[in-house]
Amino acid sequence: MKFAKGHGTQNDFVLLPDLTADLALTPAAVAALCDRRQGLGADGVLRVTTAGAARAAGVFDRLPEGVVEGDWYMDYRNADGSIAQMCGNGVRVFAHYLRASGLESRDEFVVGSLAGPRPVVLNALAGVGADVTVEMGKANQLGVGAATVGGRQFNGLAVDVGNPHLACVDAAMSSRELAALDVAAPVVFDAAQFPDGVNVEVLTAPEDGAVSMRVHERGVGETRSCGTGTVAAAVAALAHQGSQTGSLTVRIPGGEVVVTITDANSYLRGPSVLVAHGDLADEWWAAQG
């Protein structure tokens, strides 16, 4: 079984080309594949298929709103095997893989997801790297909330980027203090407000057009980056300074991206790197069930 490995600002993924969408991506198999000791290791799995094939194979009962059968479809699974609606870093790596593998010849096309269609632009391809912009859709503010991260309570802005986020700006926190925060520890949040869980971002206040951010992703834990999280962080940071639109550089442990928020849309631009291609042992995969 063929696979590829890639990352977007060190948010890493195993890509499984499966154009007929007939692989059994059970939670146990996905979790084993993402395990950094017994599997390949990753923050998530990206099945590479089309929307029509995914629907025909029963991956979903009906096409997500705005997605058509001919669109590419990113079937994304978290490291614990759960299904996720959207992954901004994953879309960049997914689009890069399509172009680099020859499955796609265009530099502009649409990637479907459970959160809907995500138009992409490959700005540059160079060796194993790419610079990709993703149209992420409108980021909707859903009020305020609070979460406990690393034993500290933070107030934040709830933001829907196709998946739920609580982005917490701490104006008193320095980048050094943020780096010392135990983001890997389990987070505590209002389950009534976020019944399906939530991704929690903690970030510094904007300075010179940039913020620093760390993230605890639902179903994964702390990751080096989270694409949708950087969009949510940009929305919260702009709101913190009294703005609804603008562009910010978001610095995460895995690198940096540029997020642009408009009245009707949001855009995520950043790198993708494809680091490996190979074959999974069929016997190992079959044993994961």
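Positions of Cβ are set from backbone N, Cα and C atoms, glycine also.
Taken straight from Swiss-Prot:
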type	residues	note
ACT_SITE	CYS87	active site, proton donor
ACT_SITE	CYS226	active site, proton acceptor
BINDING	ASN11, ASN78, GLY88, ASN89, ASN163, ASN199, GLU217, ARG218, GLY227, THR228	substrate binding site
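Whole-number maximum of the Cα to Cα distances across the substrate-binding residues ASN11, ASN78, GLY88, ASN89, ASN163, ASN199, GLU217, ARG218, GLY227, THR228: 17 angstrom. DSSP gives CYS87 (active site, proton donor) a coil state; it is part of no helix or strand. Cβ-based neighbour count (10 Å, all protein chains) for GLY227 (substrate binding site) stands at 28. Listed in sequence order, ASP43, CYS87, ASN89, GLY90, THR223, ARG224, SER225, CYS226, GLY227, GLY254 are the same-chain residues at least 6 apart in sequence whose CB falls under 8 Å from the CB of ASN11 (substrate binding site).
Following the DSSP three-state reduction, the secondary structure of GLU217 (substrate binding site) is strand. For the recorded substrate site, residues ASN11, ASN78, GLY88, ASN89, ASN163, ASN199, GLU217, ARG218, GLY227, THR228 set the reference point as the centre of their Cβ atoms, and the other residues of that chain within 8 Å of it by Cβ are ALA84, MET86, CYS87, GLY90, VAL215, VAL220, THR223, CYS226, GLY229.
Classification of GLY227 (substrate binding site) by DSSP places it within a helix. The Cβ neighbour count for GLY88 (substrate binding site), using a 10 Å radius over every protein chain in view, is 28. Secondary structure from DSSP puts ASN11 (substrate binding site) in a beta strand.
Shown are the active-site residues CYS87, CYS226; the one with the most C-beta atoms within 10 angstroms of its own C-beta is CYS226.
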